[in-house]
Amino acid sequence: MGAKGASEDGDRRIGRRALIVGGLVAAAGTAAVARDELARLWWRLPGIDKPRKPGEVDFAGARWVAASDANWRGADRPDDYRIDMVVVHVTQGSLDSAVRAFQDPGHKASAHYIVGKDGRITQMIRELDVAYHAGNRDYNERSVGIEHEGFVDRPEDFTDEMYAASARLTARICARYGIPVDREHIIGHVEVPGTDHTDPGPHWDWDRYLKLVRRAGTAQSEEKRSAAPAGGSGSPTPGS
Ligand SMILES: [Zn+2]
């Protein structure tokens, strides 16, 4: 978010999946090498084939509140769209008003997560799915959107608890999808091509945030190592 009257994403156009499959059908006529890939994609149509449980979250401890399904699109990420970005937003309002907006089918926008001033995290859309938060279809498909409760011109809204919780969340996302922790891949809404939004604004401390994300990433991978069975030859934990 970040401005009133957010423009639509144009997310309802024919999906890229259809274009990819169409292209493969054409290619398969001449190139046998495409046949395997075509078969792999073909049976998957229309996708959305990962098991889902109602109320399940992607970040341990997050509260689940479902967004209106008018504000996001079902997908099967990262298999259909590669996730290589986190987009940072500021809500320009309270946590409750952001939750209500994302539940409103007329709002036409939403993000995967909202981080409160108290550091609590609400998830409203699964990372599997495409949330309409960036105002740019390509960026929506390849990113996870995180809102932060507050206003861009009120630096006091960006609390220590908020930075710490958001950094832990982003560190997890980066580890899960192999996203580099840098400013090319962790960006503000303001940096999305074509946007008229300014969030997270000049008071968002990017140096501090990136440092916290790196630190959280290191802590999380050490936790994981020490949780592994000692001297075990077991296989790595799947799907972390
Ligand atoms: Zn925004």
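Cβ atoms here come from the backbone N, Cα and C positions, even for glycine.
What TrEMBL records for 227-240 is compositional bias 'Low complexity'. The feature domain 'N-acetylmuramoyl-L-alanine amidase' is assigned by TrEMBL to 71-201. The region 'Disordered' annotation in TrEMBL covers 217-240.
Note: the domain 'N-acetylmuramoyl-L-alanine amidase' (71-201) comprises 40 helix, 27 strand, 64 coil (DSSP; helix = H, G, I, strand = E, B).
Note on the domain 'N-acetylmuramoyl-L-alanine amidase' (71-201): its mean pLDDT in the predicted model is 97.
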